[in-house]
Every structure is written in structure tokens, then in C-alpha cells.
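Taking it in order: structure first as C-alpha cells, then the write-up.
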Amino acid sequence: MIRQRTLKSIVQMTGVGLHSGRKVTLTLRPAAANTGVIYRRTDLNPPVDFPADPESVRDTMLCTALVNDEGVRISTVEHLNAALAGMGIDNVVIEVDAPEIPIMDGSASPFVYLLQSAGIEELNTAKKFIRIKKPVRIEDGDKWAEIRPYNGFRLDFTIDFNHPAIESDDQKLVFDFSSQSFIKDISRARTFGFMRDIEYLQSQNLCLGGSFDCAIVLDDYRILNEDGLRFDNEFVTHKVLDAVGDLYMSGHSILGELRAYKSGHALNNQLLRAVLADQEAWEWTTIEDEQESPVAFMQPGMVLA
């Protein structure tokens with residue numbers, strides 16, 4: 001059977017908070033089967049837990065933030081959540097001594113490296129998948145996102161930026177998920193933003209950790225980063241990375257195909273909520289025979305070494 005996964009050991013990294021600009025320490029701890037993904041703020045006394053849950057996502061303005069009923073939040077979880085999805089981690093406790101996860105280089109790659117450093121341990125409990133049974137679609141003006149039945153996990157994503165630095169041929173990506181392909185083709189794509197927006201936010205005491213080290217930065221005509229892009233379609237690839245993380249806010253891998261046009265964190269979250277609210281749209285399933293596993297969730301082998 002396909003088994004649940006956790007980490008072999010405790011790992012830690014430090015980075016800078018995107019919004020505060022301050023040093024943040026992140027600690028990942030192994031967890032028992034059926035624990036799920038739990039974010040924990042240890043800077044509060046007592047510590048506050050935020051289980052991965054689409055209903056906890058209450059702010060998607062500048063990042064994905066989990067907010068509890070008392071208004072306590074933990075921000076910028078999306079890239080770490082994408083790395084957890086990419087590595088198939090079902091059970092982990094994520095401790096952070098600040099109100100936000102460190103931004104690192106603006107991609108999921110540092111978190112993938114951290115997970116690989118910890119090592120992956122398979123537990124003797126079946127992994128529970130969310131299998132999509134019928135199409136569900138959410139629209140917002142000309143933006144839309146829908147998820148459909150599919151034996152695997154596929155993302156078909158289109159963006160539409162009218163900008164000289166973003167070629168029209170590089171605004172669509174179809175990605176068939178597997179751990180190897182996520183690490184190789186998706187995890188290194190960085191978030192992006194416009195210099196005018198960053199300057200405005202910093203004038204409002206926000207985005208104080210924003211810099212060329214953690215994002216692709218554009219003005220009205222060009223990319224301002226000296227090293228340019230990591231690959232030609234990095235913009236749409238990062239949107240796919242975001243969607244992988246957003247859909248994993250259920251805490252479970254999905255068997256289905258996401259199709260999206262100009263979607264972002266908010267629409268992705270609305271779609272996930274709509275799916276889970278419709279009992280006829282999905283079902284729990286396990287994969288007892290690994291030979292019958294979709295390629296997306298076959299044993300990653302050397303990735304886990």
C-alpha cells in the first residue's frame with residue numbers, strides 16, 4: 001500500500017520574515033500517523049497550533065495566512081506547504097518563533113532541501129487521498145479555477161500578464177505531478193512582484209523583508225534582478241507551485257486535475273472549500289496495491305534517500 005510519511009529527524013533553518021524583515025527560526029518535527037500538517041507559533045505563551053485546513057485560510061492579500069478564531073495568524077505558509085505536498089509529507093509539526101514562515105529565496109526549493117536533510121520515514125498506515133468524483137468550478141470575473149476527475153494529479157495553468165518581460169508563449173503550463181518532477185521542474189520557481197508595489201508596501205511598514213534575494217522584481221519594462229530568470233516560464237511555474245501548496249491545505253494529496261486561468265491563492269482556496277463542502281464531489285481513498293498507483297504517487301525512491 002501507499003503509506004503515510006513523516007520526517008526521520010528534527011531539522012531547523014533560519015531566514016528572514018517577508019513582512020517583518022526580522023530573523024525567523026523554523027523547526028520541523030516528525031509526527032505520528034494521522035497527525036496531519038500542524039503549524040505552531042512558539043513565540044506565543046502558550047504556543048498556538050494551526051492545523052492545515054482550507055477554512056483557516058482567511059487572508060490571501062499578500063500571502064497565504066492561517067488565522068484562528070481569536071485573530072492570531074501565521075503568514076507566508078504557501079511555499080513550505082508546496083514543498084510538503086511535493087515530498088508527500090502527511091504528518092509534521094512546523095514550529096516557528098514568529099508570526100510568519102521565513103521567505104528564503106521566494107521558492108519552495110530551500111524547504112525541499114530541508115525536508116531531504118531530515119530524511120523521509122514511511123509509517124505503517126495507509127495514506128488517505130482525496131479523489132475527485134465530479135467537476136467543481138469557481139469563477140471571479142474573467143478568472144476561474146476548476147478541478148476534475150483524473151487518475152493522478154495534474155495542473156493545467158494559464159496566466160495573462162501584459163508585460164514586455166513576460167512572453168505570451170511562457171504563460172501556460174501543464175504539469176503532471178510526481179515528487180521528482182516537482183523538485184526538478186517546479187520547486188525552484190520564485191515569487192514575483194513589481195518594484196512600485198514593493199516600495200509602496202514598505203512605505204506602509206509591510207514587506208520589509210522583500211528584496212531581490214527573495215523574489216523576481218519587475219518595473220514597467222523589464223526584470224530588475226541581475227541574474228534574470230531561472231527558466232523562461234518561471235512566472236507561470238511559480239503560480240503552479242502556489243496552487244500545489246494551496247490545494248495541500250486540505251492536508252491530503254488530491255487525485256484530480258486542476259485547470260485554472262489567472263487564478264491565485266484566493267480562488268484556489270475557494271475552489272478547495274467548494275470541493276470539500278460538496279460530499280458528492282469527492283471521496284476518501286487509499287491505494288492498497290502500489291503497482292496500481294498513479295505515477296504521481298509512486299514511491300519516489302532516490303528522492304527520499
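Numbers run from 1 along the shown chain.
Yeah, the Cβs are placed from backbone N, Cα and C, and that goes for glycine too.
According to Swiss-Prot, the Zn(2+) binding site annotation covers HIS79, HIS238, ASP242, on the basis of sequence analysis. Following the DSSP three-state reduction, the secondary structure of HIS238 (Zn(2+) binding site) is helix. The Cβ of HIS238 (Zn(2+) binding site) has SER107, ALA189, ARG190, THR191, PHE192 as same-chain neighbours under 8 Å, each 6 or more residues away in sequence.
The active site, proton donor annotation in Swiss-Prot covers HIS265, and the record cites sequence analysis as its basis. In the three-state DSSP scheme, HIS265 (active site, proton donor) falls into the helix class. In the structure as shown, the Cβ atom of HIS265 (active site, proton donor) sits within 10 Å of 22 other Cβ atoms.
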Problem - DSSP three-state assignment for HIS79 (Zn(2+) binding site) - result: helix
Problem - HIS265 (active site, proton donor) versus ASP242 (Zn(2+) binding site) - Cα distance in angstrom - result: 7
Handout entry: Most Cβ neighbours inside 10 Å, all chains, among the binding-site residues HIS79, ASP242
Key = HIS79
Problem - HIS79 (Zn(2+) binding site) versus HIS265 (active site, proton donor) - Cα distance in angstrom - result: 12
